[in-house]
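Undergrad: Just dropping this structure here.
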Amino acid sequence: MLIGMSEFHKRPISQQDRRPHTLTASQLRVQHKRTQDIKLRRTMLRMLNEKPKLRGWIHAVTFPLCVAASIVLICLAPNGDMKVAVSIYGATAMLLFGVSATLHLGHGYFVPKVDNILVRLDYTNIFLIIAGTNTPFLFALQNVAVRWVYLGVVWFMAIVGMVAHLIWPDGLDWLFTIIYCVLGLAPFTIIWMFWTCPFIGPVPTILLICGGGCYIAGAVCFALRKPNPFPGWFGYHEIFHLGTVGGYVCHLIAIFMTVLAMH
């Protein structure tokens, strides 16, 4: 026994044994996916155990109202361009509320892969609703050059933000909150054009600002995780959802006023 052990210790170490163990690119991808799946399952369990009872219901109630409002807007739009613009706005709003309600009310009923897709869509839809909200206002502007340049910039930024979030889903919440806020504040660069536009005017412009304030207040609350008034029923996430609904309502009224003024 001792002789065998001594012979084993005297055995020379091969070059293959001396090499450090490295993972191939495919092995690293598999390992990263497993890590993400574990993180996702932990997040799901935490949300199932801790989420307030009203989680998801605010957006679930808003969704059918959003569908109805979008149909009315399309019917009221005075021309083809504006119908396209309000259709884009309605589609982005329906995606926001529909995906959010499905995600938060459906936790625990979907396989992890579906949950993962819904989580990513839920975050990226915020970029879409910001760009979608700008679209009808810009189509109401009489300055065509400003309209297309601004639309191009806003939608480009929104797409970049979406892709970044899809590639880096575990990114810092505060970083994406800053990106949301910067994109949401973009209309201030041409706010005077909205104010003086005969189809928009002061009241819709003020509503546009108030709606942006609601979105930003909700996003900041989400990033800070406070206030969290009633954790069992109504927490910081519900305040965030209220902020999105408040912002949507302000912008919806402003767009209705703009569409009616164009007749």
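Cβ coordinates come from backbone N, Cα and C, glycine included.
Note that the coordinates shown come from a computational prediction; the quantities given were computed from them, not determined experimentally.
As annotated by TrEMBL, Zn(2+) binding site applies to His104, His237, His241. Marked as region 'Disordered' by TrEMBL: 1-22. Marked as transmembrane segment by TrEMBL: 57-77, 84-103, 123-141, 148-168, 174-194, 206-225, 245-262.
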Undergrad: Is the transmembrane segment (174-194) packed against any residues at least 6 beyond its ends, judged by a Cβ distance under 8 Å, and which are they?
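TA: Distant contacts of the transmembrane segment (174-194): 123, 126-127, 130-131, 134, 137, 141, 143, 146, 150, 153-154, 157-158, 161, 164-165, 200, 204-205, 208-209, 212, 215-216, 219-220, 222-223.
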Undergrad: Inside 8 A of the center formed by the CB atoms of His104, His237, His241, which other residues of the chain have their CB, for the recorded Zn(2+) site?
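TA: Once His104, His237, His241 are set aside, the remaining close residues are Arg55, Gly56, Ile58, His59, Ser100, Glu238, Phe240.
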Undergrad: Please list, in sequence order, the residues in the chain of His241 (Zn(2+) binding site) that are at least six apart in sequence and whose C-beta is under 8 Å away from its C-beta.
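TA: Sequence-distant Cβ neighbours: Ile58, His59, Ser100, Gly218.
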Undergrad: Report, as numbers and ranges, every residue of the chain located at least six residues beyond the transmembrane segment (57-77) whose Cβ falls under 8 Å of a Cβ in that stretch; write 'none' if there are none.
TA: 83, 85-87, 89-91, 93-94, 96-98, 100-101, 104-105, 238, 241-242, 244-245, 248, 252, 255-256, 259-260
Undergrad: Let me know how many other Cβ atoms fall within 10 Å of the Cβ of His237 (Zn(2+) binding site).
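TA: Its Cβ shell of radius 10 Å holds 21 other Cβ atoms.
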Undergrad: Under 8 Å between C-beta atoms and at least six apart in sequence, can you list the same-chain neighbours of His104 (Zn(2+) binding site), or say none if there are none?
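TA: Listed in sequence order, they are Lys51, Arg55, Gly56, His59.
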